[in-house]
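Taken from TrEMBL as is:
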- A:28-35, A:145-148, A:Ile174, A:182-185: ATP binding site (BINDING)
- A:His35: active site, proton donor (ACT_SITE)
- A:Gln59: beta-alanine binding site (BINDING)
- A:Gln59, A:Gln151: (R)-pantoate binding site (BINDING)
Number of protein chains: 2
Amino acid sequence: MELFHTPEQALQWADANRDRTVGLVPTMGALHEGHLSLVRQAKRDCRLCCATIFVNPTQFAEGEDLGKYPRTLDADLAGLADAGCDAVFLPTAEQIYPPGFSTYVQPPQVASGWESSSRPTHFRGVATVVLKLFHLVPTSHAFFGQKDYQQLCVIRAMSRDLNLPVQVVGCPIIRESDGLAMSSRNRYLDSDQRLRARLLSLALAQADQAIENGVHDVQALQQLMTQTLSAGTVVDAGGATATVPGIPVGGVDSIDYAVLLDADTLQPIEHLQQPFVGLIAARFGSTRLLDNRVWQPVQ
Amino acid sequence: MELFHTPEQALQWADANRDRTVGLVPTMGALHEGHLSLVRQAKRDCRLCCATIFVNPTQFAEGEDLGKYPRTLDADLAGLADAGCDAVFLPTAEQIYPPGFSTYVQPPQVASGWESSSRPTHFRGVATVVLKLFHLVPTSHAFFGQKDYQQLCVIRAMSRDLNLPVQVVGCPIIRESDGLAMSSRNRYLDSDQRLRARLLSLALAQADQAIENGVHDVQALQQLMTQTLSAGTVVDAGGATATVPGIPVGGVDSIDYAVLLDADTLQPIEHLQQPFVGLIAARFGSTRLLDNRVWQPVQ
């Protein structure tokens, strides 16, 4: 596995391989099975895979966890090599944002609301660094996890709007055995929070079960998700409310949103007649966790 | 000379020629010798030249001259063929901005002030369409006229900040025999305005002469340019103020700016100890004309 520390090396490698299909996997390091699944998917779809590890300062706001964001470089490189990654680009912040840097991407409409409500400049930073990486390491494909669903929508819309010659591939969420979506930020959770963190996936599973059972009212489904998150309870097959064995009493500390939206535009919906997504952001102390699930239209 | 009407055709051509140096010349049509000089420069520096003709709606504000912007397609194509252009990309507004388009470039710091004072969203539109064209017709070089000096600075800074793999080449202003910088908007001038339009280049020549004569005070030089523009007079070798033969009495209708600035940042300067630019925007009725001149540091 080759390591590139300068933009020139990365571009040279991409240039030398431009006749091959190459999959790019942009990451911020602190890699888990979710990231490694992107590398494996890239290696299935493409001849080569190049990962990038860069903790991007412009997508963090003042007071967020940029400084304490986990850095696990040795383990990251071992994991990438093991997953079959061919090359890793490891730029510094000074290389990506030299003095005088001042051009940003003004992200597409789908960046509005949801994550942007609590992180107003987040997607500007994400879109800008992804565009720069697409130029620095030009590849035929780029792989992103569906876990950060709004981010995936933003990158897809940006790529379409700016005519980027790269195919953006979204990959399924990888979960812990109890259903928690893998995230680099899960390591911030204490043991009590970690048990309650399961409520995000449980809320989505509750909605799924209810849809299966014929509940097609958007408000009712959102209420069900909110109830599972805030009270830590589920509705069983008989319609009774019950606590969940193994989850400490009490729900999440707070809910940022728990909504059903149009899966493409992330606009609110009134019916389930287009592809739709359940989108959740909830907090445990200062840790924010995300989860989501996509459904096909209910006939 | 090949004509491409769809993005797919243009990309295919660029792809087929990616092992050759190719110069891109983005234009809005209504071509004059200034544009054709860019094509000739591209053909000197590169193996092939592709021009684009696209009147870009996002760089016009409400009430500007988008609707009446001159369209002279037959003459444009004849001129391009004659200048040795190999290919022309002629997209429609719907192809460049399909429904749902919503991602823009937030232009670099150097876009602030000057043109942006009267056209606040202009450079957002310019930067966005240029970035899109760079993706739609990937080439090794791109040629822009120095006449739109702030635009050239914006495109250079964007290319650097976003790591665009294209070399941006600025080309000299081409002038009419009386010194007027060529512009598609010159055809809006009536015969009286056309005579007075010479005052922009005269103001810059006056500044040049004064610098040559040892005037190195920025305020004094700006005042000299302003006086030439507003009064239509020049200062002769003996220091006397005189009218200019052949220019009707009265200066320009109004001055937007007539300033000396740092040639790279377009920030105000106090001394002439770095490369600097004289930047002028003035109006004749509803027609706005630009001109500029770059100087090396005065020792």
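Each Cβ is built from the backbone N, Cα and C atoms, and glycine gets one as well.
All features noted in TrEMBL, drawn onto the structure.
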residue: A:Met28; record: ATP binding site; DSSP class: coil
residue: A:Gly34; record: ATP binding site; DSSP class: helix
residue: A:Gln59; record: beta-alanine binding site; DSSP class: helix
residue: A:Gln146; record: ATP binding site; DSSP class: coil
residue: A:Gln151; record: (R)-pantoate binding site; DSSP class: helix
residue: A:Ile174; record: ATP binding site; DSSP class: coil
residue: A:Ser184; record: ATP binding site; DSSP class: helix
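Cβ neighbours of A:Gln59 (beta-alanine binding site) (same chain, under 8 Å, six or more residues apart in sequence): A:Thr121, A:His122, A:Phe123, A:Arg124, A:Gly125, A:Val126, A:Val129. A distance of 18 Å separates the Cα atom of A:Leu31 (ATP binding site) from that of A:Gln151 ((R)-pantoate binding site). Counting only the Cα atoms, the space from the residue listed as 'active site, proton donor' to A:Gln146 (ATP binding site) is about 11 angstrom. Cβ neighbour count for A:Ile174 (ATP binding site): 18 (other Cβ atoms within 10 Å of its Cβ, all protein chains included). Sequence-distant neighbours of A:Gly34 (ATP binding site) (same chain, 6+ apart, CB under 8 A from its CB) are A:Gly145, A:Lys147, A:Ile173, A:Ile174, A:Ala181, A:Met182, A:Ser183. Comparing A:Gln151 ((R)-pantoate binding site) with A:Met28 (ATP binding site), their Cα atoms are 14 Å apart once rounded. It is A:Leu31 that, of the binding-site residues A:Met28, A:Leu31, has its Cβ surrounded by the most other Cβ atoms within 10 Å. Summary for the binding-site residues A:Gln146, A:Gln151, A:Ser184: the Cβ-based neighbour count within 10 Å is maximal at A:Gln151.
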